[in-house]
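Peer 1: Just dropping this structure here.
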Amino acid sequence: MMFVRSRVLRSATVWKQLDVCSRFTVGRQTRYKSTDASEDEVKHFQELAPTWWDTDGSQRILHKMNLARLDFIQRTLRNQIKIQDPEVYVPGFNYKEFLPDYVCDNIRREVQGSIEAGLSGRQEMSVLDVGCGGGILSESLARLKWVKKVQGIDLTRECIMVAKEHAKKDPMLEGKVDYECKALEDVTGQFDIITCMEMLEHVDVPSEILRHCWSRLNPDGGILFLSTINRDLISWFTTIFVGENVLKVVPKGTHHLSKYINSKEILAWFNDHYDGQFRLLDLKGTMYLPMQGWVEHNCSDIGNYSMAIQRLK
């Protein structure tokens, strides 16, 4: 108990110091490119690369998280689809309380079918997966029929090699996913979707990652998907103390409280730099329950969170 108490008190002290001057708004100077990770971060993921696709290995939590990621991304995109078919009735009221169950089921099927058709019609969507690691999310996105191609980038060469080798095992991925070991600022072109999942907390200057992501996003409604961790005592307790030291479901040294970023800081940064040029589509807190997996909740300023931001014309 004394060990737990000392760790909590030490974390609380660090947290208070960080709240005074967040590294998110005041980036320190490094000898790397502005979107690079530190040598320690790269080395850490080099060691994890060989077991990246082992669902019972070092990345098992990431594999479980990937299901929640896909749900969040696909739900966000479906919500942007406007039903154009005049034959599909979209009630403007809570019809489930007033109509028979069989009528409600028919309405739901027609609406969902129209949305899926609208999403499937967008078969030319391009995706950039920033910090793709061994390609867990990249592969999942490449298998979606409305995605034309996924470009995955990462600074850890060993992870890129693992991603390339694993993609070869699925003939359906041929020509749909491409991996490169390069910095974000070296990427050219524009993308309809950019994902930056569990990555911002591993770089020295996260605001530069956001800036370069924004410059690569399609100005005609492109969507940036982010997921990272709030900088608070609960996050330290769940991700570092419990996740890394008690349950040991996350490799030790993966997380650092000083690199966590509050969701409000990201939104404040967008308001400061791109006011009127973006729209927050969704923001959800997420948490891992050992017997259930990753679940969403509405407390987005505590622990892990996912965010979708659309670029406006």
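From the backbone N, Cα and C atoms, a Cβ is placed for every residue, glycine too.
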Peer 1: Please pick, from Gly131, Gly175, Gly221, the residue that TrEMBL records in the S-adenosyl-L-methionine site together with Arg69, Asp154, Met197.
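Peer 2: Looking through Gly131, Gly175, Gly221, the residue TrEMBL assigns to the S-adenosyl-L-methionine site is Gly131.
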Peer 1: For Asp154 (S-adenosyl-L-methionine binding site), name the DSSP secondary structure in the helix/strand/coil scheme.
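Peer 2: In the DSSP reduction, Asp154 (S-adenosyl-L-methionine binding site) maps to strand.
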Peer 1: What is the nearest of the binding-site residues Arg69, Gly131, Asp154 to His202 (Mg(2+) binding site), using the Cα of each?
Peer 2: Gly131
Peer 1: Does anything in the same chain, at least 6 positions from Glu201 (Mg(2+) binding site), have a Cβ under 8 Å from its Cβ, and if so what?
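Peer 2: Set apart from Glu201 (Mg(2+) binding site) by at least 6 residues yet with Cβ under 8 Å, we have Thr228, Ile229, His255, His256, Lys259, Tyr260, Ile261.
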Peer 1: On a simple 10 Å Cβ count over all chains shown, which one of the binding-site residues Asp154, Glu198 is most densely packed?
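Peer 2: Of the binding-site residues Asp154, Glu198, the highest Cβ count within 10 Å belongs to Asp154.
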Peer 1: Here's one to test understanding: among the binding-site residues Arg69, Gly131, Asp154, whose C-alpha is closest in space to the C-alpha of Glu198 (Mg(2+) binding site)?
Peer 2: Gly131
Peer 1: Between the two most separated Cα atoms in Arg69, Gly131, Asp154, Met197, the residues recorded as binding S-adenosyl-L-methionine, what distance in Å do you get?
Peer 2: 18
Peer 1: Apart from Glu198, Glu201, His202, which residues in this chain have a Cβ no more than 8 Å from the mean position of the Cβ atoms of those residues at the Mg(2+) site?
Peer 2: Gly131, Met199, Leu200, Val203, Thr228, Ile229, His255, Lys259
